[in-house]
């Protein structure tokens, strides 16, 4: 898989009210150090000295974990190998989220399918409690056969979703035209494996086959590079070497834009920006911008 470089634009400083609460940090992929398994009654397991994590789902419960740190802007990379064979009804997630009724959220959700049919990669962005900005994709490979890298780049200008370093979606900061953008609420990294057979596969028509349980998804090579909420320390916005890292101002160069167009033309299966039935009074204002 080819990789793509990214150009830089001017740095936008973090809101001053948060400056004293942010320090730069990079997590280098040991699950014991970086995450907490938060639910599932032993269905989430850290293995191989912290280098591998598995989540399992059976008819009684799924499982999940969250990062120890909260971030306000970051690049988060995770390698996943999804539930193989008949995964219908299951949802495996990797996302960023704050808490509360007006929460922000940046989603990767992987909707399982019956054997021989492709996973659906569901993406969404919430700001101030409002989402409804879904784009969905199939993949150009079997995500159950090997580990692949899924990345979220979140900076003040944009959010970039990447698969094996190929951009599949860019959500621009369009606050200038009245579109909320997640920029003031620190978010943790979350992952989970759970049953959603009321909607996940073909609108709920295909149910989970519990004779195939337990279902297992695997995670490795977690890397979080971002601004961590802290009670003391310096801001990522000034005086720290992390400011020189590309994720802070990352945007697509010409090769990245070409790759994005290829992915969206070949593998996108739903785009809220083209759903006129859903928005009969007119598409959301950000959809009129070049994406």
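Placed from the backbone N, Cα and C atoms, the Cβ positions cover glycine too.
Note that the structure is predicted; figures quoted are calculated from it, not measured.
Within the same chain, residues at least 6 positions away in sequence whose Cβ sits under 8 Å from that of residue 105 (active site, nucleophile) are 95, 96, 97, 98, 124, 125, 126, 131, 182, 187. Residues annotated as active site, nucleophile in TrEMBL: 105.
Sequence-distant neighbours of residue 109 (active site, proton donor) (same chain, six or more apart, CB under 8 Å from its CB) are 91, 92, 93, 95, 121, 122, 123, 124, listed in sequence order. Positions annotated as active site, proton donor by TrEMBL: 109.
Here the domain 'GH16' (25-219) returns a mean pLDDT of 95 for the predicted model. Annotated domain 'GH16' per TrEMBL: 25-219, in sequence order.
The N-linked glycosylation site annotation in TrEMBL covers 113. The number of other Cβ atoms within 10 Å of the Cβ belonging to residue 113 (N-linked glycosylation site), over all protein chains shown, comes to 21.
The signal peptide annotation in TrEMBL covers 1-28.
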